[in-house]
Amino acid sequence: MPKLLPAQEAARIYHTNYVRNARAMGVLWALFTLCFSILMVVTFIQPYWIGDSIDTPQAGYFGLFSYCIGNALTGELICKGSPLDFGTIPSSAFKTAMFFVGISTFLIIGSILCFSLFFFCNAATVYKVCAWMQLAAATGLMIGCLIYPDGWDSSEVKRMCGDKTDKYTLGACTVRWAYILCIIGILDALILSFLAFVLGNRQDNLLPSDFKVESKEEGNE
């Protein structure tokens, strides 16, 4: 084996560190994506987007599709709503928000399923596919969060939050943790998408150009 020149040796060291850093970033991105998918499933299912306060006429809380409102006589919570039965969802805005947040959740889960493609396809391509899926998920979450308050004027929400409740005006009710997490999820999805694009470009440029040239020259010799 011919003795490496200093420039070639430096290029190999650079390449080794470059690959190691790219793999470490890839592992972190995958872990964050997995955690984010769990967060999105919880946000989609849990009915804690808005809820009662000490000033509301009735106790209760609302989610994207399910909600619970207290009985005026007994105080017992009566729960309704199902993602499979649109007729039980109290507002068309809630239905639309559920659709977009649901699609976003499936896109994030789909990006995790794409991890298996790393064994069969070019890594840069897989990263970029996941990046576009996560960017689309961020868009869906943004639309869902913007549309959801449009349904606050429904009769069921007014029964819990009071007559002062209207579109984008919550009256006596308060925003709950699931809605806040969904808003934070928009930023999370954008960051994950940006990181995936960066990782995809790093894979495209995995080898330094000078190292590629020198390697070709060695092969010709």
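Note: Cβ is positioned from N, Cα and C throughout, glycine not excepted.
Small disclaimer: the values here were computed from a predicted structure and weren't measured.
For reference, Swiss-Prot has these:
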- 1-24: topological domain 'Cytoplasmic' (TOPO_DOM)
- 46-98: topological domain 'Extracellular' (TOPO_DOM)
- 120-128: topological domain 'Cytoplasmic' (TOPO_DOM)
- 150-179: topological domain 'Extracellular' (TOPO_DOM)
- 201-221: topological domain 'Cytoplasmic' (TOPO_DOM)
- 25-45: transmembrane segment (TRANSMEM)
- 99-119: transmembrane segment (TRANSMEM)
- 129-149: transmembrane segment (TRANSMEM)
- 180-200: transmembrane segment (TRANSMEM)
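Mapped onto DSSP helix, strand and coil, the topological domain 'Extracellular' (150-179) counts 12 helix, 4 strand, 14 coil. According to DSSP, the topological domain 'Cytoplasmic' (120-128) comprises 6 helix, 0 strand, 3 coil.
Outside the topological domain 'Cytoplasmic' (120-128) by six or more residues, the chain places 26, 114, 196-197, 199-201, 203-204 with a CB less than 8 A from a CB of the stretch.
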